[in-house]
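For reference, the structure discussed in these notes is given below.
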Amino acid sequence: MAVSGTAAGTGLASTPRLFGTDGVRGIANRDLTAELALDLAVAAAHVLAQAGAFEGHRPLAVVGRDPRASGEFLEAAVVAGLASAGVDVLRLGVLPTPAVAYLTAALDADLGVVLSASHNPMPDNGIKFLARGGHKLPDDIEDAVAARLGEPWTRPVGRFVGRVRDYPEGLDQYVEHVLATSDQRLDGLRVVVDCAHGAASVVSPAVLRRAGATVVPIGCEPDGYNINDGHGSTNIETLQAAVRREGADAGIAHDGDADRCLAVDAAGDVVDGDQILAILALAWQEAGRLAHDTVVATVMSNLGLKLGLAAHGISVVETAVGDRYVLEAMRAGGYVLGGEQSGHIIMLDYATTGDGVLTGLQLLGRMAATGRPLADLARVVRRLPQVLRNVTGVDKTRVDTDPVINKELAAARGELGDGGRVLLRASGTEPVVRVMVEAETEADAERVAERLARVVRERLG
């Protein structure tokens with residue numbers, strides 16, 4: 001996967017947008033170079049300064065990363081860029097993305113920077129900027145940063161250059177914050193936790209142990225190269241086997257930067273983000289905390305989520321795919337709970353982004369509070385058979401305008417009627433078109449998805 005855009009010293013070709021739905025990503029040291037990382041940091045500092053974000057005070061940024069080896073040199077480049085632009089920097093070290101977001105707000109920082117490619121393979125990395133308060137930068141600010149890469153700037157000197165120091169206490173601050181969101185003890189629960197050899201490898205087991213659970217950690221030994229390798233939320237079969245082997249009550253899986261959480265019940269069956277969202281929605285409704293009796297989900301959520309929650313008087317607002325769009329809809333509508341099938345669960349009472357560690361604690365807390373097994377809680381959502389086909393190596397920009405694809409899409413929707421759903425969308429981070437089909441039977445979903453994927457490949461390949 002190649003980074004798009006142009007940066008001084010990088011030799012990257014210009015394309016419409018440098019920032020994807022989750023920051024700038026690419027293969028580290030080929031696409032996402034030290035030069036680009038430094039340029040992005042400098043440009044971000046100056047764009048925010050010119051927007052008045054640093055007015056009247058000395059600016060402060062926090063920088064955190066996942067354990068990828070490439071994160072070390074990218075961190076050095078970002079820190080150098082920020083300090084050279086007059087921004088003081090706290091290096092947080094290896095921490096989950098939601099921890100960086102929390103500390104951006106808790107430390108009243110003007111900017112947060114996360115170096116991670118989340119669930120992507122180890123050679124990839126990414127840079128994501130967070131605004132004051134811990135929310136992702138708005139699209140227009142990201143575009144302004146991209147537009148001004150490599151421009152000459154007035155460089156501060158003397159006392160006006162940024163200072164840099166490590167801030168290891170951030171880890172404990174985040175752990176205490178997560179624990180403070182629940183007073184429900186987890187004593188008696190045996191839980192397998194798979195951290196994908198990623199950023200949650202220390203934090204997630206620590207939180208659950210402090211809450212009283214017996215924790216069996218797997219995928220918690222990062223070496224810089226093994227992130228997401230056979231472990232984590234994108235390799236859930238590893239956790240399924242471990243839960244069965246250990247006789248655990250449940251399993252929790254994170255991705256590389258721990259903004260996701262998927263679960264596994266005692267039988268080893270997956271409990272996905274839709275089901276987790278529904279379980280928490282019922283808990284919050286019961287406690288009188290579910291604003292407007294509504295949750296926010298994406299168009300990729302299973303139709304079973306909407307049907308299951310409707311039976312309890314809970315509405316679902318749908319957004320485009322991406323946790324940033326879920327968050328935007330939550331803030332605009334005054335909703336407090338939202339998420340994605342992939343396991344991004346956002347709880348605005350406690351966090352500004354998806355938080356896998358927090359989600360795991362809240363989910364297990366619901367199990368402990370009700371005394372019900374996870375499989376029983378998850379039955380609130382009857383998942384319709386869902387088939388997803390990723391069509392790679394195609395021109396994703398034409399997926400919405402190709403007449404043949406649109407004709408086939410309309411035919412598929414007519415064929416399935418109210419008993420199913422079809423969605424085509426371009427990935428925000430990869431050269432991929434995703435074909436999603438839900439139907440009453442697996443065979444129907446497979447047949448329609450395969451037909452649409454073939455048409456997309458033929459028309460856009």
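Indices start at 1 and increase along the chain as displayed.
Cβ coordinates are placed from backbone N, Cα and C, and glycine is handled just like the others.
Record features, source Swiss-Prot:
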- SER118: active site, phosphoserine intermediate (ACT_SITE)
- SER118, ASP255, ASP257, ASP259: Mg(2+) binding site (BINDING)
- SER118: phosphoserine (MOD_RES)
Residue pair ASP255 (Mg(2+) binding site), SER118 (active site, phosphoserine intermediate) - Cα distance, angstrom, rounded: 6
Euclidean distance between Cα atoms of the residue listed as 'active site, phosphoserine intermediate' and ASP259 (Mg(2+) binding site), Å: 8
Inter-residue C-alpha distance, the residue listed as 'active site, phosphoserine intermediate' and ASP257 (Mg(2+) binding site) (nearest angstrom): 5
Under 8 Å by Cβ from ASP257 (Mg(2+) binding site), same chain, sequence gap 6 or more: ASP66, PRO96, THR97, VAL114, SER116, SER118, GLY198, ALA199
Additional residues surrounding Mg(2+), by Cβ distance to the SER118, ASP255, ASP257, ASP259 centre under 8 Å: ASP66, PRO96, THR97, SER116, HIS119, GLY198, ALA199, HIS254, GLY256, ALA258, ARG260, GLY354, GLY356
